[in-house]
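*Asks:* Have a look at the structure that comes next, please.
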Amino acid sequence: MPSTPNLPHSPALASKEQSVSDLTPPSTLDPDIELQTHGNPENDPRSSKVSAFKSLGLLDRFLAVWILLAMAIGIILGNFVPNTGPALQKGKFVGVSVPIAIGLLVMMYPILCKVRYETLHHVFLERKIWVQIGFSIVVNWIIAPLVMLGLAWAFLPDKPGLRDGLILVGLARCIAMVLIWTGLAGGDSEYCAILVAINSILQMVLFAPLAILFLRVISGADAEVSYQTVAKSVAVFLGIPLGGAIVTRFGLRKLISPPWYDEVFLKFAAPWSLIGLLFTILVLFASQGRQVVHQIVSVVRVAAPLIVYFGVIFFLTLLMTHKLGFGYKLAATQSFTAASNNFELAIAVAVATYGPNSDQALASTVGPLIEVPVLLGLVYVVKAIGRRRGWKD
């Protein structure tokens, strides 16, 4: 990203960011940003970084290692252990394998338990939240799908099946892993939950007609995208963990006490989010490892536009939020929301529409295999940018 001077903090946005900051619980995943922002300026910055690193648990501290290890183990199992892939793909739940569905639900539940639903109504009373929602809608539902459409045609003009699968990935806005990436980058969990909810509603309304527009009208493909498939996917992968989190939060805080919920239950539940992430990654790579290796040319051709897409959308959003004077937390949240995709929905629609052995299904499957390592890398990149520029809230 080209060097730009730090922008003055808008008073209106500063007021909003302060109100959201008051609502957001302190992050246990990555306190680097908070330590830098609130630490004693007389201290050596390196000591703050070291103390922040040491304050993380073993799972958080070496998350990149665990993710790479899960990917490697998955590929090894998929290629060298007979029938691993077919066994993991046997049971289906809303279009994806049961193990992946379990991993996604376990991954999302602890994060949603941290959201302070009892105070969210105060956020919606302020005009600034609607500015953030409007910005997110434009980036997620206009800019990002058009960028993916252009890249799909530029990189895959001779492969209509792979191209259509890639377009489906671009249309499916993320409602799951974005919560992980935002938390790891020190973004705003409350805002992220709001944007995820908005994207979920819009997904049920817009995904099918946009898929028909992009695939049938623009690309000339013969595709019928089912509203029922889209609605079921969103209802399951957001509705179940969200409903469970709301019941848990209000129930335990009333039955026991708010301090017990915040200090005991949330600390117990927090690691399960990353455990669910690692389990999902391992199952994904194990179930698709053989297919990836045996169709490596197609995988590479799909991976190239995906890598460009994630980088372009992420840094374009980050640059726009910086120019608009957003604080670090909101900028990181918006950038990861824009760059992340709902791979479970893309896979479900591709399999239901074209079949499990189609090029469209292969392209949608490659999506998360590329997204996970790229967005993990972007977590460290955006944190480094925040530190170097002194990007505060």
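A Cβ is built for glycine as well, from the same backbone N, Cα and C atoms used for every other residue.
Per TrEMBL, region 'Disordered' is recorded for 1-48. If you look up TrEMBL, you'll see 16-27 marked as compositional bias 'Polar residues'. Under the heading transmembrane segment, TrEMBL lists 62-81, 93-112, 133-154, 166-184, 191-214, 234-252, 264-286, 298-319, 361-382.
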*Asks:* Which residues of the chain, 6 or more past the ends of the transmembrane segment (133-154), have a CB below 8 A from one of its CBs?
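*Replies:* Same-chain contacts beyond the ends: 163, 166-167, 169-171, 173, 194-195, 198-199, 202, 206, 210, 214, 218-219, 305, 308-309, 312-313, 316-317, 320-321, 324, 334, 337-339.
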*Asks:* Which one, 93-112, 166-184, 298-319, 361-382, has the most C-beta pairs under 8 Å toward the transmembrane segment (62-81)?
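*Replies:* Top-ranked stretch among 93-112, 166-184, 298-319, 361-382: 361-382.
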